[in-house]
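What Swiss-Prot says about this protein:
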ACT_SITE  Asp73  active site, proton acceptor
BINDING   Asp73, Gly74, Lys78, Asn151, Glu152, Arg178, Asp180, Thr191, Ala192, His193, Ala194, Met195, Ser196  NAD(+) binding site
Amino acid sequence: MTFKYHKVAIVGKHYKKEVSQMVETLYAYLQQQGLEIIIENDTAADTSLVNVAIASLKEIALRCDVAIVVGGDGNFLKASRLLALYSNIPVIGINKGKLGFLTTLAADDNALKNDLYAILKGDSSVTKMSMLKYRVDNNLRAPLEASIALNEIAITASRGLMFGLKVFIDGRYAFDQRGDGLIVSTPTGSTAHAMSAGGPILNPNQNSVVLVPICSHSLNSRPLVISDESVIDIYITDYNDPESVLSIDGRHDTILKAHQKVTIQKARKKVTVLHTKDYNYYDTLREKLGWSKVLF
């Protein structure tokens, strides 16, 4: 049986010794399999490898068949989101971080020789992860790489003071809120910031978006799950604080002023993630987050 993916990219978290060591191990293993390997520029610079093919993330997305991301969930979020902007290249996550909710392959010999080997042969399962995009006041656009979220888009106070929001969904008034902010999350992000704020867990394959209030000053404010085909308009209404902050997957802060409008909707691109054939999302919920753990 031949490999389904012949040109393989490696992307690692920068300035982390254990990641660099794993990248070197992975490179040697892939070489043994006779595969063509390209390493992301900064990832290669962190290793002792010489005379290797290197490329930017954009070049990797356009030239490679698959990308292996080594690191934690944060690095996976950043790399897979940027790769998806340029092509539909599938990604595989190898965990060298803490939780490893998205980077589902273990960083050990067994995972390389069995799990990764099988995936590269084409014996895998696939998750298509939706993303969100935003614009401010209909015309102020952030650079492309800073306007797409895989986990969530959050609007929060820049200091610890409440502010007001007015939310419309598909052009219809939905609700007002005063509090510390609002999270608009993809199903993938429902186990991240949104979950910490009391939101529901959504399966990554679900075609939904969840709006989760952050410390709403109300006894009856609850998360709201809507179709990912909906368009969400959020107006910044009043302030105790001079400004609020919009962030994407915890990065790329954009300052918002009073009376500005933020429009959020589904992005055209999706992230394609490859797992082992027997991957079970609900196993990951139980094992990584202790979901529905029986206590007695």
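Cβ atoms are placed via backbone N, Cα and C, with glycine included.
This view paints the features noted in Swiss-Prot onto the structure.
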{"residue": "Asp73", "record": "active site, proton acceptor", "Cβ neighbours (10 Å)": "20"}
{"residue": "Lys78", "record": "NAD(+) binding site", "Cβ neighbours (10 Å)": "20"}
{"residue": "Glu152", "record": "NAD(+) binding site", "Cβ neighbours (10 Å)": "26"}
{"residue": "Asp180", "record": "NAD(+) binding site", "Cβ neighbours (10 Å)": "20"}
{"residue": "Ala192", "record": "NAD(+) binding site", "Cβ neighbours (10 Å)": "23"}
{"residue": "Ala194", "record": "NAD(+) binding site", "Cβ neighbours (10 Å)": "27"}
{"residue": "Ser196", "record": "NAD(+) binding site", "Cβ neighbours (10 Å)": "11"}
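Taking CA atoms as the reference points, Ala194 (NAD(+) binding site) and the residue listed as 'active site, proton acceptor' are 15 Å apart. Binding-site extent for NAD(+): residues Asp73, Gly74, Lys78, Asn151, Glu152, Arg178, Asp180, Thr191, Ala192, His193, Ala194, Met195, Ser196, maximum pairwise Cα distance 31 Å (rounded to the nearest whole number). Taking the Cα atom of each, Ser196 (NAD(+) binding site) and the residue listed as 'active site, proton acceptor' are about 16 angstrom apart.
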